[in-house]
Amino acid sequence: MDMTSRMTSHFRDAMALCEQSMQALSEPLAGAVELLFAALANNGRILACGNGGSAADAQHFVAELVGRFERDRLPLAGIALNTDTSILTAVGNDYGFDEIYERQVNALGQPGDVLVAISTSGNSPNVVRAMEAARDREMHVIALTGKGGGVMGELITPHDVHLCVPHDRTMRIQEIHILLLHALCDGIDALLLGDTE
């Protein structure tokens, strides 16, 4: 395959997955918007976490909440749990990497808050433990996964939302994850500021 054809195949694969994801995830995505909006309307907070590219997605999502998405509005209460290197290194050193998010959820999370947990495999132990801590603290969880959902998919309760991308390739899952996070931001803004579309 020549390089142009190889590059073209990325667009074709992404478009096909966008269509599949639209069919599978539009309804639960709308439910996730309602969950986030309800938490914010009740003075709750949104915590987000992930590893690697998913950590970057968590940070990106929270930046859109605290800053703005496309329209000016008041800042929204969001915390990316992967951004404080002192906490991450202290907890990682003293308790182990698997606890870096769990301890923060236990410290910061309150009943009615929402944890946005991101893992392309659904099996990241530290994100799984964050979900378990969120459940113990009577928080809601929005899990962004792929590859069938893994352990995180098994932890989802009727009070949570699972956004599982129907694909096994990590980069394609990550591409849909950022689309989902942007859609969540748009939905929150539509409920806060009115629908402009």
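Quick reminder: no glycine exception, Cβ is built from N, Cα and C everywhere.
Per Swiss-Prot, the feature domain 'SIS' maps to 36-197. The substrate binding site annotation in Swiss-Prot covers Asn51, Gly52, Gly53, Glu64, Asn93, Asp94, Ser119, Thr120, Ser121, Ser124, Gln174. Annotation comment: Swiss-Prot describes His60, Glu64, Gln174, His182 as Zn(2+) binding site, evidence class sequence analysis.
Location within the structure of each feature annotated in Swiss-Prot.
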residue: Asn51; record: substrate binding site; Cβ contacts under 8 Å, 6 or more apart: Asn82, Ser119, Ser124, Asn126, Val127
residue: Gly53; record: substrate binding site; Cβ contacts under 8 Å, 6 or more apart: Thr120, Thr170, Gln174
residue: His60; record: Zn(2+) binding site; Cβ contacts under 8 Å, 6 or more apart: Ile178, Leu181
residue: Glu64; record: Zn(2+) binding site; Cβ contacts under 8 Å, 6 or more apart: Leu181, His182, Cys185
residue: Asn93; record: substrate binding site; Cβ contacts under 8 Å, 6 or more apart: none
residue: Ser121; record: substrate binding site; Cβ contacts under 8 Å, 6 or more apart: Thr145, Gly146, Lys147, Gly150, Thr170
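With respect to Cβ neighbours within 10 Å, the binding-site residues Ser119, Gln174 differ, and Gln174 shows the lowest count.
If you draw a 10 Å sphere around the CB of His182 (Zn(2+) binding site), it holds 15 other CB atoms from the protein chains shown.
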